[in-house]
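What follows is a set of notes on a single structure, which appears directly below.
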Amino acid sequence: MAKIYRDVDASLEPLKGKTIAVIGYGIQGRAQALNLRDSGLNVILGLRRGGKSWDQAVAEGFRVFEIGQAVAKADVVMVLIPDMEQPKVWEEQIEPNLKPGTVVDFAHGFNIHFGLIKPPPNVDVVMVAPKGPGRAVREEYLSGRGVPALVAVYQNYSGRAMEYALAIAKGIGATRAGVIETTFAEETETDLIGEQTVLVGGLMELIKKGFETLVELGYQPEVAYFEVLNEAKLIMDLIWQRGIYGMLNGVSDTAKYGGLTVGPKIIDESVKQRMREAAARVRSGEFAKEWVTEYNRGGPTLRKLMEEVKNHQIEKVGIEMRRLLFGQ
C-alpha cells in the first residue's frame, strides 16, 4: 500500500532560515518559486542572464542570479529546467558550485535514474514531482488547495532528506492534496511508460485510427472529428471525476453495452504484450539512450514525426472545428 503524506505530516521548519535556489523560471519553476515564497521561505532564482525569463522574475520581485552564483548561495537547489538541458547545466554550473550538505531537488527522475547526472556523495538528492502542470500548481495553491505530488529520496547524506523533500512539497502546496512516497526508478519508469503507451502515444493513435476509419467508411470528417476527438474530453472528464465505473454510470445504456462488449475486441490482450515490450525498452534504458542520441543530433526524427501529425487530416479538420467551437 502506498505511503501518503498529508499537510499534518510535513513541516516547513527544515527550510526556515535556508536559501532556496530555484533553477529555471518556466511554467513549473515559476509556480513553485512563487508558492515557496508565499509560504514564507527565502527563494532566489538561478537563470541565464539575458534569457527571456530574467526580466519577468525581477519584475515579480525575485532576486535573480546567474545559475552558478545562485547555487553557491543556496542550501537547497531545485533543478526545474527541461530534462534534456539539465546534464550540461549540471556539469558546467551546478555541480562546481554545490556546497557539502546541499539539498538537490528534481521534479522528474530521468537524469538521475539513467545516470546522465551523477551527484557527488556529500549532498542530499530528492524529488518532488507535482502531478499536474505548473499553472495548476499555482492556481490550486492560491485557492487554498494543492496538486498531488510524488516524493522520493535518492541520496540521504544528511539523514534528513525526506524531511527536506516533504518541506518542499508542503511549501508548494502539494501536501494539501496528498504526497505519495515513491522511488526515482518508479517515478521515471511509470511516467515514461504511461506517456508512451496511454497518455500521449496510445490515446493519440487510438483517436487518429478511429477518425481514419470513420472517414474511410464515407462519413463526413467533421462528424468523425466530433465523435472521436471532441467528445473524448467529455468522457475523460467523467473518468477523472468519477472513475471508470462512475463514467459508465454517466453514459447511456446503449453506450455502456456497446463499449463493454466491443471495447475489449479493439483493445485486446495483445495490446498488453506490446505495452510490456515498450516498458522493457524504458526499463532497460534503451529508450533513454535513443532519445538522448536523437536530442543531441538536433531532433530530426522528432521534427519529421511532428510534421506528419501537423499534416494529418484530423488536424486540418480540427483547426476549423476549434474555430467554430471556441473562436480560435
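Each Cβ is built from the backbone N, Cα and C atoms, and glycine gets one as well.
Quick caveat, the model's predicted, so the values are computed rather than measured.
Swiss-Prot lists Tyr25, Gly26, Ile27, Gln28, Arg48, Ser53, Asp83, Met84, Glu85, Gln86 as binding NADP(+), and of Gly115, Gly132, Gly134, Gly144 the one it places in that same site is Gly134.
Annotation: His108 carries the greatest number of neighbouring Cβ atoms among the recorded positions Arg48, His108 [cut-off 10 Å, Cβ to Cβ]. In the shown protein chains, 14 other C-beta atoms lie within 10 A of the C-beta of Glu227 (Mg(2+) 2 binding site). For the domain 'KARI N-terminal Rossmann' (2-182), the model's average pLDDT works out to 97.
Cα of Glu231 (Mg(2+) 2 binding site) to Cα of Glu85 (NADP(+) binding site): a span of 37 Å.
For His108 (active site), the spatially nearest entry among the binding-site residues Arg48, Glu85, Asp191 is Asp191, judged by CA separation. Arg48 (NADP(+) binding site) falls within neither a helix nor a strand when secondary structure is assigned with DSSP, and so counts as coil. There are 17 other CB atoms within 10 A of the CB of Asp83 (NADP(+) binding site), with all protein chains counted.
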